Structures are given as C-alpha cells and as structure tokens.
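Asks: Before anything else, here's the structure in question.
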Amino acid sequence: MLKIAILGRPNVGKSSLFNRLCKRSLAIVNSQEGTTRDRLYGELHAFGVPAQVIDTGGVDHNSEDYFQKHIYNQALTGAKEADVLLLVIDIRCGITEEDAHLAKLLLPLKKPLILVANKADSRQEELQIHETYKLGIRDIVVTSTAHDKHIDTLLQRIKLVANLPEPREEEEEGLEELSVDEHEESEAALPSNTFPDFSEVFTEGFSPEEPCTIPESPQQAPKTLKIALIGRPNVGKSSIINGLLNEERCIIDNTPGTTRDNIDILYSHKDRQYLFIDTAGLRKMKSVKNSIEWISSSRTEKAISRADICLLVIDATQKLSSYEKRILSLISKRKKPHIILINKWDLLEEVRMEHYCKDLRATDPYLGQAKMLCISATTKRNLKKIFSAIDELHHVVSNKVPTPIVNKTLASALHRNHPQVIQGRRLRIYYAIQKTTTPLQFLLFINAKSLLTKHYEYYLKNTLKSSFNLYGIPFDLEFKEKPKRHN
C-alpha cells in the first residue's frame, strides 16, 4: 500500500489538505494551533491502487510545550513510515525557520518529497513561489486547500514521483460493472397480503428440552471490522490502543482531552483486519467551551454510527457517570453491538473486585446483560482477550439464525410460560423469522397486538437473547398481525 505523509509546522493547512485528499472531513480544521496531535490515517482513492494518507501534528521544534515533544516524535514516525512525503508551508509567510528545519530533516530520508506551497488564494500569492526554491526541494506544487485549487496537480505529481502505473481500461470497466451489479442486488420482500396458516407450528414436532444450535454461514473472506473506542476523557482509550498495537500511536497524558481527532488505525491480527477508531472523550454540551471540543464531541457520536462494534471504556476506580450513561443510550439507539471494557482493574482492591461487575450492572439498565471485560492498559492484563471478544460478538451478529430454530425457540418459550388470557382470548404466535442482521430484528406474526403485554414482550426478548447469546447486541421485535381470511 502506498503511504503519503503530510508534514509541516502548525496552522499551514495540513488537515485541510488531508481532508481534500481523503474526500471527507476526517481531521479537525481550525485556526487554533495544535488541533491535530496524533497521526491520522485516511484512504485515498485516486490512483487505482490502495493508498493511505497520514496527517501529522504541527511541528515546532523550539517549543517547550509538553505535547510538542510527542507531536514531533509522531511526525518523524509518520515520515519514516511513508513512501511519499508532502511538506506543507504557508506561502503567504515566506520560508520560516521551522520550514527550513523540517526540510533539512526530511531531505536526508531519500524519499520522494514534494513541497506544497499552500494558502495561495490569489494569483499574486502564487507568484511568490520563487521564495520556496531556497529549501532545496525540487518538486513544488502551489495549492489553496481553502478553495480546492491545484489539488489535481498535486495528485498527478504524487503519482509521478511514486512511479504508479496507469490503470488498464479493462480493469476500470470491470470495476464499474461490478459496482452496478452490486447495486442491483436486493432482498426479496415478504408478501404482505397472504400468509400460510402456521397455527399448529408451536404445538407439534418440537422438544422444549432440546438445545438450539445456530449453523455457521459459509466461509467468506473476513471483512475489516470498524471498532470504536468510546469513553469520557482520560479513561485510558489511547493507552489501550497503544497496548494492543505494541507501539505509541496515540499521545497519552493525564490531561483530559489529549485526543481531539477521531484517529483511524488499521491493524492486522490473526488474518483479520481491524480499523480502530480512537475517539475524543464525550462531554456534556454545557462543558464544551470551544469549537475544538464541540467538534470532538460530535465526532464521537459519528464514530458510534460508523462502527461495527463499540468498546465502551470505563474507569474501574470511578463511579459510572452521566456521560457514560449517555454513551450507552447512544449506542443502544444506534443498535450497535458493544463490549464494556473496565480499565484500571489493577488499581482495585481484591475485596471490591468480587462485587464490582454485579454492582455495576445494577447501576444502569443498559449494563444489565452487556458483555464485560476487566482489563488494565498499564499492566496489559487481558488486552489480547479484546480481539477474541470482538470476534465472538461479530460471529454472533453476522450469522443469521435459521427460521426453524427461531420458531422452535419461541415454541419452547410459549410451552414454559403461557400468555395470559385477555377478554377470553390468548396471544398466539403463528410464525417468526429473523428479519435483518444489522440492525438485528425479529419479525413475529401474531393473532392480535392487543393481546401482547409489555411484560410478555420482555419475556420473549429475553428468551431470544439467552438462547442465541445476544448479550451486548441491541435488537428489536416487530409484531405483525396475520391478515384475517375472508370467505
């Protein structure tokens, strides 16, 4: 995979360029210096080959700021990792001492290096290009990311210095045909006007004691799982990422709000790829005092929507806060499978460990039957178990429960606990199917919705949850009345 690193001093437009290249707003763009702190990764789809763009934080080697040392190291790591380097400067300011320092730092790496003279918003500013020659960089492209000027020229230059081949026409046509075919695929809809009579389906041919097993789906190439790490500031999300990857990819500090961007990190483990989304901590809106914090908070909500599975990280040494309850509510509303990671487990006393999880489940209804994993990012206790927990949860979500097993399970539930009689009638379930996988939903055909009580609906839902191991997987039951026959 071709990797392209964007480097430069603070506030020259690196994140704006990153967003232009990736065609979506991944990096936070703001006039405040130091907005980007960690390395951000995005996909570039312009060359016909897999390509990745790395956005690094603004470098100021003379600064004594605590974060600058980490940002500097992150930028150097990104430069060493990349195949092509883009040094971004602000053409309106001329060549600064920091620009010259970065050029001297990058030239000895002997990698393709392009100087991006950004913020050339007018023709007069474009003519200042002669100032840039003193840096000793041969390839120079003048751009204005604010006005989307000359981005195509930059892409062509990247393609040239990276020696990328021209895509063959046959391959492009094949890709177009494939995408058209995929859009034409659709699931057959259930008939809404006629249903077979399954009145006896729950009274014959089953054994309540017989265990249900879900057959696995046919083997397919494993998809890249998008995993969002969610939690309030300073609970250890970035430490968990660094522990899983065995390298410092996220800047860690005790100050809440160290992570500002959502950081996409692609990682391979046992033949499967995981895209970890390390999010900025979610806060109450009234405590968000500036635009950067507000954008970070909204990005956390977007990360939940993007993710296949959410990992909610909580601090074992602190009580469950209203922030975490809000996150749990968001995850549930988005119908996202999730796992609760209880971090800083090493700091708990043994006496508290025995009752902690039980007490925690009692604090919020969403935690009642969620999957929990006690970990320590500091000692790396149970960190590797996170992968197996994710895989297990994904396996349950991606394997559709066969219709006969759904019906058999519900038949057993009715056999154990009969619905109550309401006005001389009793609820009957004729037939049931798993309607969708993501989000998970079951469709039950019944005789009358007026005979279904909330209590019995809750009982049916718990039966399906325990039978098919749906813990940590929000799902819905949809009830549909069977049309009455007309003679």
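Residue positions begin at 1 at the first shown residue.
Each residue, glycine too, has its Cβ placed from N, Cα and C.
Feature table excerpt (Swiss-Prot):
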BINDING   8-15, 55-59, 118-121  GTP 1 binding site
COMPBIAS  168-187  compositional bias 'Acidic residues'
DOMAIN    2-166  domain 'EngA-type G 1'
DOMAIN    225-398  domain 'EngA-type G 2'
DOMAIN    399-483  domain 'KH-like'
REGION    165-194  region 'Disordered'
Asks: Identify, among the binding-site residues Val59, Ala120, the residue whose Cβ has the fewest other Cβ atoms within 10 Å in this structure.
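Replies: Comparing Cβ neighbours within 10 Å for the binding-site residues Val59, Ala120, Val59 has the fewest.
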Asks: Near Gly8 (GTP 1 binding site), which residues of its own chain have a C-beta under 8 A away, given they sit six or more steps off in sequence?
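Replies: Spatial neighbours, sequence-distant, of Gly8 (GTP 1 binding site): Lys14, Gly58, Val59, Leu87, Val88, Ile89, Asp99, Leu102.
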Asks: Mind telling me which of the binding-site residues Asn11, Thr56 has the densest Cβ neighbourhood, counting other Cβ atoms within 10 Å?
Replies: Thr56
Asks: Report the DSSP secondary-structure composition of the domain 'KH-like' (399-483) as helix, strand and coil residue counts.
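Replies: Looking at the domain 'KH-like' (399-483) with DSSP, the answer is 31 helix, 26 strand, 28 coil.
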Asks: Which of the three DSSP-derived classes (helix, strand, coil) applies to Lys14 (GTP 1 binding site)?
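Replies: Lys14 (GTP 1 binding site) sits in a helix per DSSP.
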Asks: Lys14 (GTP 1 binding site) has how many other Cβ neighbours within 10 Å of its own Cβ?
Replies: 30
